[in-house]
Each structure stands twice: as C-alpha cells, then as structure tokens.
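Asks: The annotation NAD(+) binding site is assigned in TrEMBL to Gly10, Ala11, Gly12, Gln13, Met14, Gly15, Asp33, Glu92, Lys97, Ser119, Asn143, Lys274. Residues or ranges marked as domain '3-hydroxyacyl-CoA dehydrogenase NAD binding' by TrEMBL: 6-183. Taken from TrEMBL, the feature domain '3-hydroxyacyl-CoA dehydrogenase C-terminal' covers 186-282. Residues or ranges marked as site 'Important for catalytic activity' by TrEMBL: His140.
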Amino acid sequence: MAINRIMVIGAGQMGGGIAQVAAQSGLEVVLNDLKPEFIHRGLAVIAKNLSRSVEKERIAVAEKEAILGRIVPSTDLADAAAVDFVVEAASENMEIKSGIFRALDKAARPGVILATNTSSLPITEVAAVTSRPGSVIGMHFMNPVPVMPLVEVIRGIATTDATFATVDALARAMGKTPVEVNDAPGFISNRVLLPMINEAIFCVYEGVATPEAVDQVMKLGMNHPMGPLTLADFIGLDTCLAIMEVLHEGFADSKYRPCPLLRKMVKAGWLGKKSGKGFFEYA
Ligand code: CAA
C-alpha cells in the first residue's frame, strides 16, 4: 500500500516533531490530539522551527506555508479511516496506548500499519490488543525529532517482514536512518542510555561530584553533545524514572535499580526542563 497520508497521534514534543518531519518529506499529515489547543500548541512549535529554517535561508516562505498546509488537525481517532499509516506518540502509559490502539484497529482500513513511538513499552503487548498484530511495530524517533537522524524500528513478536520493510522505507523517505531492533526492554537506545544517566545521578547522590562536574567530564572527555544530567533534564526526569522502572522490572536485575535521588526529585516535581528545575534551573 502506498503511503501518502499518515496520522500522528499526540501533538507534543515527539508527535509534533514527527508531524513536522513527515510534512517536510511531502506526506499529508493528520495531527491528532485530545484537544484543539494541544494541536495548536504543537503547530506553533512546528511553525517556529520552520521560520528558523526560513531565516537561515534553507527553505523559502512558500515552502514553509506548503509544509504547514500539509498538516491538518484532528481530535477524533475515527479519522484514522482516511489514512495509509498511523504513528502514535501519546503518553507513555500502557492503558492509554491500549485504548488508542483498540480504537485505531477499529477505525483504520485492514492492512494499515499501526506504529508506536513508545520509548520503552513492549511492542508485543501493544500489538496484542489489536486484531492485526502483524501490522503493529515500534517506530522510535529521538528528541529533537527534526535534528536526530535515528529511528529505531522495533519488531514485536508478530510483526511481519512486510510491515518491517514498509516502515524501514518510510523512515528513509522521512530522511531518517532506521535501525532494526527486536522487542526487549528499553530496545537498544534506552537500555544503553538510561543506565548511563542513572549512574551519573548516583555520582551526584553519593557526593562524588556536582552535576556540573559530571556533565563536564562526559562533554569534554567523551565528546557527548550534552552531559548526561542536562540530557536527563531534557528528556524529563519522570520519563527517565519510568524507563528505569521498565528496565528494572523487565530484566529483574538490580543493576537497573533507579537511583533514589531520581525518585526523590520526581516526587518533588523537579522534572527537568519542562518544570523549570531538574539538575539545573531553567528560566
Ligand atoms: N527542535 C528543532 N530543532 C532544534 C531543536 C529542537 N528542539 N533543538 C535544537 N535544534 C536545532 C537548532 O536549530 C540547530 O539547527 P542548525 O544547526 O540548523 O542551526 C541545531 O539543532 C543545533 O542546535 P544548537 O546549535 O542550538 O545546539 P547544540 O549544537 O547544542 O545542539 C542538540 C542541540 C541537537 C539537542 C544537541 O545538544 C544534542 O544532540 N543533544 C543530545 C540529544 C540526544 O541525545 N537526544 C536523544 C535523547 S533520548 C531520546 O530521545 C530517546 C528516549 O526515548 C528518551
């Protein structure tokens, strides 16, 4: 099935980024969220990113308008009936995702692939609530989506080769580099990244060094573009904790235990950049 029109569910940081990249690559995008104001907020971020590209003379104003014109808002999951592909980027909560996938399975035409941008929930479990587990797959973009080249393409236990091949090709058409991964807790990205971040938090918890020092070591010594604690703030400390819990539970191995300081900061509402305070302060 040719993919010309896709639905992106969730107009937040990830969904908005996916919608932008898809529209930039020429796809028609139905951007779905619970409320019109969430979609307007997402569209405003996309417009701002595109304006920056206009200022930098990478695209013309007309192109910016054309890209925005390819994104139409939707607050009804039944609109999935009119698309060739769906990618879901809603909250990282299995109950919410299951509800969305049940509704999508009813609305979307037979054979339409339903992808999830989940950063750590099992693809196999999401697929199992649908009548088309062979057409369910993980399509995990990295943040910020317009900048990061990677897409992890995650095969659930039932994902067919045809589904994988279609999503692999779609990711390339969106200008990304897909990497094939089998369904396992944290996939590759978060299984490797989050324990490093958690260990950086242990360094602060145990008084080994300040957050500034930890980040400097990893930036200047390992050439990371952001230190692990700045990156944790950027991802969201609640998300970091949720991913560590998935790894801890999924592998039943104490090496993935979340640092108590991470738990304490999340309990305090210090969630990183989005709440104005995490390991660092944000205006
Ligand atoms: N949206 C769109 N574009 C953005 C952006 C955003 N949120 N943030 C930065 N950019 C663009 C800038 O416009 C700039 O573009 P140009 O080069 O075209 O001018 C470019 O990115 C570089 O930005 P800056 O010069 O402002 O800053 P920088 O050089 O420090 O780069 C960064 C910013 C790309 C975010 C870089 O710091 C970086 O790569 N950080 C690490 C990001 C990372 O690890 N992401 C993965 C997070 S984990 C994840 O996503 C998985 C998960 O499930 C949790």
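Here the Cβ of each residue, glycine as well, is placed from N, Cα and C on the backbone.
Help me picture where these features are in the structure shown.
Replies: For Gly10 (NAD(+) binding site), the same-chain residues 6+ apart in sequence whose C-beta sits under 8 angstroms from its C-beta are Asn32, Asp33, Glu88, Ala89, Ala90, Ser91, Asn117.
Neighbour density for His140 (site 'Important for catalytic activity'): within 10 A of its CB lie 25 other CB atoms from the protein chains shown. Look at His140 (site 'Important for catalytic activity'): DSSP puts it in a strand.
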Asks: Max Cα distance spanning Gly10, Ala11, Gly12, Gln13, Met14, Gly15, Asp33, Glu92, Lys97, Ser119, Asn143, Lys274 (NAD(+) binders), Å?
Replies: 22
Asks: Give, as a single whole number between 0 and 100, the mean pLDDT over the domain '3-hydroxyacyl-CoA dehydrogenase C-terminal' (186-282).
Replies: 97
Asks: Cβ under 6 Å from an atom of ligand 1: which of these binding-site residues qualify? The list is Gly12, Asp33, Asn143.
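Replies: The qualifying binding-site residues are Asn143.
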Asks: Which of these binding-site residues is closest to His140 (site 'Important for catalytic activity') if you go by CA atoms: Gly12, Met14, Lys97?
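Replies: Closest by Cα: Met14.
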Asks: Could you list the residues of the same chain, at least six apart in sequence, whose Cβ is under 8 A from the Cβ of Lys97 (NAD(+) binding site)?
Replies: Glu88, Ala90, Ser91, Thr116, Thr118, Leu121, Val126
Asks: Determine how many residues of the domain '3-hydroxyacyl-CoA dehydrogenase C-terminal' (186-282) DSSP places in helix, in strand and in coil.
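Replies: Summed over the domain '3-hydroxyacyl-CoA dehydrogenase C-terminal' (186-282), the classes give 66 helix, 3 strand, 28 coil.
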